[in-house]
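The following features are taken from TrEMBL:
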- B:ASP13, B:ASP14, B:SER44, B:ASN101: divalent metal cation binding site (BINDING)
- B:8-193: domain 'Survival protein SurE-like phosphatase/nucleotidase' (DOMAIN)
Protein chains: 2
Amino acid sequence: MKKNRPLILITNDDGISAPGLRALISVMAELGEIVVVAPDTPQSAMGHAITINSTLYLNKISKDNDPFLEYSCSGTPVDCVKLAVNEILKRKPDLCVSGVNHGSNSSINVIYSGTMSAAVEAGIEGIPAIGFSLLDYDWNADFDTIKSFIRKISVEVLQNGLPDGVVLNVNFPKLKEEDIKGIRISRQAKAIWVEKFDKRKTPQGRDYYWLAGEFVNQDKGEDTDEWVLENGFVSVVPVQFDLTAHHAIQQLNTWKWNE
Amino acid sequence: MKKNRPLILITNDDGISAPGLRALISVMAELGEIVVVAPDTPQSAMGHAITINSTLYLNKISKDNDPFLEYSCSGTPVDCVKLAVNEILKRKPDLCVSGVNHGSNSSINVIYSGTMSAAVEAGIEGIPAIGFSLLDYDWNADFDTIKSFIRKISVEVLQNGLPDGVVLNVNFPKLKEEDIKGIRISRQAKAIWVEKFDKRKTPQGRDYYWLAGEFVNQDKGEDTDEWVLENGFVSVVPVQFDLTAHHAIQQLNTWKWNE
């Protein structure tokens, strides 16, 4: 860890008032100087959306005597990171943490997740970054049970940095602290959501839909995030933003593209 | 290609009225039975956002005697794919094409792109999928110059399928047809957007921001999408939605996670 206190940017996708964010703040305040920039409204499932056709507002929430800077932002989680880095922070932070999300971002959920997209955006900007999620959708979930793990993982990343182009997707099982078996590096399980739209009618008789669905995991691997979580471990998946399927390039080059 | 006419789902992120979508429809109508489900408003830069806290509307645009089904949707590009597959189409389509986007989705743009997220969503659902983008932001861009390439690439995918877990990100240079040198399989260049927010004041005196930025490519590789496009080729990048940085797992396993 650096001699000076590290600078830590904190964001999330459940919004500035979420208990999961407050839990993350309480851990990070012990590790460094913190700045919070979080959405002013819930932004779950926003993926890597950014605001380009509308204006963005920043509201300073903290007062002059408060121990840290805190802002709410009218945009998405990714907007929060961009605004923090470019308009608020005086230097590049040593760490960006996002969450703690109220609910899972394991497996394919990583791709829909605003929490993880904020961490990925920080990674794109060259900042070591971690997204934290707890497998409990309850607004009043117990985040105290996972604080020691959040601290441990964050200290490791502050000390070691992260491999180039990699951010961490950390998911916690819904267990008491003493029942969590440890931390496991894992891979994204090949699972999907099988959608079942809920079709209804407005009072005026117009059809509308609610997106609903069932999570289906057909990946039986014992090295997946789903297996690790089901078996009582904290899952840490290294996530990359080079989306190139390098393994497919050779095969595609055998096709007759230019004949 | 199957004996029956293939079923092709068409979507985009610039919205149902975009000329790029019309260009794509005109090519696909020659290749199979088509169904169009596109956002009712522009959804650029929506990434992989889905609508979970709000209702979704579908509007049937086509009339009974029209040659194909066409719907507009109140949601994001990913919502369009989910609704099409689950509520409109009677069977899984043989191909999903998204675009043609008005502007580049090469390099890191793939991660912000609604066009590509729609294709990725189709890929997640097991449908061979291609996102098409033209490096011309003009609403009245000339899409005729690229139609023969769109046709060629789509026919290849209909004939061969795609490797498991892979979708194609196709970008076209802004060139006349005769000046395009051919098709190249490439990889996502390591480039980023360097943001410069434009800070303004509302008539009431409140600060607000417009997201602006400059695209900076420091990746000099001649196998990148950026190089290929600058040198007059069509870029085809195989894109995956397993975000696991598999190469980083071994290194992370050397850390002292459980001590």
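Cβ atoms here come from the backbone N, Cα and C positions, even for glycine.
What TrEMBL annotates, mapped onto the structure for a quick look.
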residue: B:ASP13; record: divalent metal cation binding site; Cβ within 10 Å: 32
residue: B:ASP14; record: divalent metal cation binding site; Cβ within 10 Å: 24
residue: B:SER44; record: divalent metal cation binding site; Cβ within 10 Å: 21
residue: B:ASN101; record: divalent metal cation binding site; Cβ within 10 Å: 30
Shell list (divalent metal cation; ref centroid = CB of B:ASP13, B:ASP14, B:SER44, B:ASN101; cutoff 8 A): B:ASN12, B:GLY15, B:ALA18, B:GLY20, B:PRO42, B:GLN43, B:PRO77, B:GLY99, B:HIS102, B:GLY103, B:SER113, B:GLY114, B:THR115
Listed binding-site residues (B:ASP13, B:ASP14, B:SER44, B:ASN101) that sit near chain A [CB under 8 A]: B:SER44
